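Chemist: First, the structure itself, so that you have it in front of you.
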Amino acid sequence: MSNRCSNEETRVDSRTIYVGHRSSSTNEAFIPPKFCDNRIVSSKYTVWNFLPKNLFEQFRRIANFYFLIIFLVQVIVDTPTSPVTSGLPLFFVITVTAIKQGYEDWLRHKADNEVNKYPVTVLEQGRRIRKESEKIKVGDVVEVEEDVTFPCDLILLQSSRDDDTCFVTTASLDGESNHKTHYTVPDTEKDLETLNATIECEQPQPDLYKFVGRMHIYKNDQEPAVRSLGPENLLLKGATLKNTQRICGVAIYTGMETKMALNYQGKSQKRSAVEKSINAFLLVYLCILVSKALVCTTLKYVWQGKPGQDEPWYNEKTQREKDTNLYLKMFTDFLSFMVLFNFIIPVSMYVTVEMQKFLGSFFITWDKDFFDPEIKEGALVNTSDLNEELGQVEYVFTDKTGTLTQNNMEFIECCIDGFQYKYRDASSDLDGFCVTDGPLNKVQEKAGREELFLRALCLCHTVQVKESSEQGQGQRDQVDGFGLDGEVLPPLREQRGFIASSPDEVALVKGAMRFGFTFLGLESKNMKILTRNNDIEMYELLHVLNFDPVRRRMSVIVRSKSGDTLLFCKGADSSIFPRVRQEEVERIRMHVERNATTDDYLLVVTLGAMCFAVQEEDYAQADAGLMEARLALQDREQKLMAVYNQVETGMSLIGATAVEDRLQEEAAETMEALQGAGIKVWVLTGDKMETAKSTCYACRLFQRNTELLELTVRTLEDGGRRREERLHELLLEYHKKAVQDAPTWSSANQDYGFIIDGATLSMVLNSSSESNSSRYKNLFLQICQNCTSVLCCRMAPLQKAQIVKMVKNSKGSPITLSIGDGANDVSMILEAHVGIGIKGKEGRQAVRNSDYAIPKLKHLKKLLLAHGHLYYVRIAHLVQYFFYKNLCFILPQFLYQFFCGYSQQPLYDAAYLTMYNICFTSMPILAYSLLEQHICIEVLLDNAALYRDIAKNGMLRWRPFLYWTLLGVFHGLLFFFGVRFLFSNPALQDNGQVFGNWSYGTIVFTVLVFTVTLKLALDTRHWTWINHFVIWGSLLFYVFFSFFWGGIIWPFLKQQRLYFVFANMLSSVSAWLVIILLILLSLLPEILLVVFHKPRGPRQVELRHIHTFPLYFTHSFSPRFIYLFHFLTVLPLFSLWFWSSLMEPIFNIFIRGI
């Protein structure tokens, strides 16, 4: 199956479908073809594969797999430590992660069941049977009622409307909330039970806007009638039936073969950049671990090779040990050293990281600034694994309709023959016209042209009228959900709403209504309008030349009562102007250009209106050409395009209109803040280019001085050469301008914006030549990366995902974020590193498949600049701190082997080995990673440039990692040799007894716990009562535990190494002083560095807003002062130790003399 979404029709294998499972031939046995069922599956696990699949995914993590190996080694080999020290933390990590991922997948199962078990009506043998949606088969005739979503892709066979049409909304597919008109297949039986037909159509493919097929209708021994099928006959799964009581259609694509499902990319496991950095750091520490084990194993056998060292008299070998193979014993010793030093790999870090992510996600949910009173909901976190990625975003891909804009069009003004008019409520010159420029005395003279212009607005559209009987009490336009409240209209005009395929059309029809011309509706191919004189005029609708993104205009051919045949055309200014006389253009161009760049409106769309009378012979020729093109099965679009271009010539320009689509609240400010943070914003929309371009101007993504580089079907056809040649030429031209000449232009502050449409993107990504495709893609990427903003219009949902994937996999692997509100955005939301869903009014498909959901676009600013910034800083510090404290922990153990004959003797007690990461040092860093605010939120929001300081994983690069590693080495060396210097004094207790090896290890461990905890206290900027409680509480708990563990004889222990060791240690004044001295010496360099380091540049301004260290200080004190305060506080303690150390020997000599 082809997944290409190109402008040219791709011929694929076809499928034949029997309507109602009835064979076209009564002489042959009917064997129904096999197609997939209608089940939708978005879940990842089942009951049977959850355990093996989840365990496989978890043990792909380096740390998890490593600790599994260590645990197995401890179980099999006689090692110095118990298997519990590795197995218990590993089991906890695996269990917590499995529960979290299982719960998330259960929610996906629940959502799938809601869709699959939804009841539907199927017509079988003249009966209406209720079935579950998942049981629909290809060929079933399905009945759908108003306001119900289509359960699969259907071909429309029957409608309850008299004109054999129905209206649908596709908001969940392409984000458009407007109504689209679909048509039944001509000449089908009213009684579907007697319908004998087959459908031949293309195999499933993801393009929402393309469908090619034909229907063979068999009647009593007659030649089968063949009817062409197109997108106007296809009802897509996910769309909703509107303003039609019921329809019947035949299922052609079901389940995972529907166009919606083909545009849905399965939810994959997203991994943050922090996790990748952790894995890289783990590899470094694994190398350190293996190196330590190899060094100790080698030195052990070198040392034992000396005479008398291998088997001293006090430790003779058993016969079993003597018979053991030397290489096997060396390997066993290597594994024992690996187990002894394995605590350098912080498995508890994964537990802490999981808890930090899970608990930290609640701060987003609880943020009151994210609460929207309109929908009475706040933010939602679907995936807590990516909190820190919010602080690393480099590219934002956003939808337009419903995300940047409200999709609520309003008529603002118009220009007729060079005169500008605005609507005024009070009666003025021409029943609502307010002339804002031009000579007033000529207004009445131009009344004829004005009325022609208003008739054009009333006739040139595909709008349907929804009468009051259909609407009930609420008179609302079905295109945007807004009625005519507050407008001063005659009673007849108050009672009607409108249904249209585009919100622009409703705005224009309502604009004409304000000026006295009302469209009354379409009856039997006759369009009725009510003039300002309350006269009803009838026009026969002959043809509609529909809008398409290449022509960028639409036309109608009508016939008046007098027999005149008229063509009215409207479209974008760039499409209209080349088809009229130049003198007519100049009168209008000034107003069009002014409206295109005005700041008075959030978004202005300009549309021209043209008219000309059609001669009968010309009409007959055009009618024949249109009929022939519409019945074509191949190249239908190209043939229609040729006829359209032939008809739409020789027209006279009447005027132009300005239509406003309001932006979302604070949309421009949000986009401006993101760009200030160094984030590049790309707009990916299915809308037409002109509307999307105006939105980009209104959002300040494009500025007035921005030079736009356009790569669309129109620009490819301008050169008069083959499209691929023109594409290559334009790419080289734009690359030279935006990339090669960038240094020259940057001095002139030249900004570039890039515009591309879906058809051209398909040519870039899917060139006929593989080498050209790769070259085009590289050129395209380099151009886009050097532009301030990029606009991609007329995008299919899968193309949006392709754009995101292309940028995500580009050089440097930038972090991407996608944000949207509809099901058409699901693919790009799933493809990006971070997916954001907007809780709009058009369904929750995007919200369900997103990682985070927010009510409005404006909330994205705080989510990234505040929450994302803080989350990243917190978790980066957490990761570096864990590696640092574990290096401090294990380095003395490694050094100790040089003084114990490489006997694998532990320096610390087993209780300390187990409790160090779990209890003694875990809570302070967890509290820090949840509560730290190194810069207050208000400053982060006001200074978007601060986001750049942490960009590109700045705090987890190799340079900071090397700093923390060297700091850990320095502290580990200081702990070990500082205590060893103390032990050079043979008498450390008052009774003359000496300390043993467990006392040695306990003193080292005490210095270690206090140093790493106080180091975190020095790093804390934002103090709360929780920080005070966990930091000082952890230190008190360590002291209490040491007394308690060593003060009682535990009956379940075979040997109790620490019995009264801690109490005896603290009875020595020298031990007290060396502990204090080593803590001060460890922290002194960092204190002095911060005190005497003077920040320069913008950091001086930023540091004024940084929270100071302790809670009891006001924010007026600078960090330098606070560090100096700490230094001056510990200085007396240092002096006390120095005095006692100097006087103790003198005092001892004096006592001996007496």
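Please read every residue number as a count from 1 along the shown chain.
Using the three backbone atoms N, Cα and C, a Cβ is placed for every residue, glycine included.
Note that the structure is a prediction, hence the values are computed from the model and not measured.
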Chemist: Which range, 334-353, 1074-1093, does TrEMBL list as transmembrane segment?
Modeler: 334-353
Chemist: Can you say which of 915-937, 961-983 is given as transmembrane segment in TrEMBL?
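Modeler: In TrEMBL, residues 961-983 carry the label transmembrane segment.
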Chemist: For the transmembrane segment (59-77), could you work out the same-chain residues 6 or more beyond its ends whose Cβ comes under 8 Å from its Cβ atoms?
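Modeler: That would be 83, 85-87, 89-90, 93-94, 278-279, 282-283, 286, 332, 335-336, 338-339, 342, 345-347, 349-350.
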Chemist: Let me know the model's mean pLDDT on the domain 'P-type ATPase A' (118-203).
Modeler: 84
Chemist: Near the Cβ of Asp687 (ATP binding site), how many other Cβ atoms are there if near means within 10 Å?
Modeler: 24
Chemist: Thinking of Cβ pairs under 8 Å, which stretch from 280-303, 334-353, 1029-1050 has the most of them with the transmembrane segment (998-1017)?
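Modeler: When the Cβ pairs under 8 Å are tallied, 1029-1050 comes out ahead.
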Chemist: Which one, from the binding-site residues Asp399, Asp825, has the smallest tally of other C-beta atoms lying within 10 Å of its C-beta?
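Modeler: Per-residue Cβ counts within 10 Å for the binding-site residues Asp399, Asp825 bottom out at Asp399.
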Chemist: Can you tell me which parts of the same chain pack against the transmembrane segment (1029-1050), counting only residues 6+ beyond its ends and a CB-CB cutoff under 8 A?
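Modeler: Beyond its ends, the transmembrane segment (1029-1050) has Cβ neighbours at 911, 915, 919-921, 923-924, 926-927, 1002, 1006, 1009-1010, 1013, 1016-1017, 1020, 1056, 1058-1063.
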Chemist: Measure the Cβ-based neighbour count of Lys800 (ATP binding site), defined as the other Cβ atoms within 10 Å of its Cβ.
Modeler: 30
Chemist: Let me check the 10 A CB neighbour count of Thr401 (ATP binding site). How many other CB atoms are there?
Modeler: 28
Chemist: Could you count the residues of the domain 'P-type ATPase A' (118-203) that DSSP puts in helix, in strand and in coil?
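Modeler: Result for the domain 'P-type ATPase A' (118-203), in helix, strand, coil order: 10 helix, 45 strand, 31 coil.
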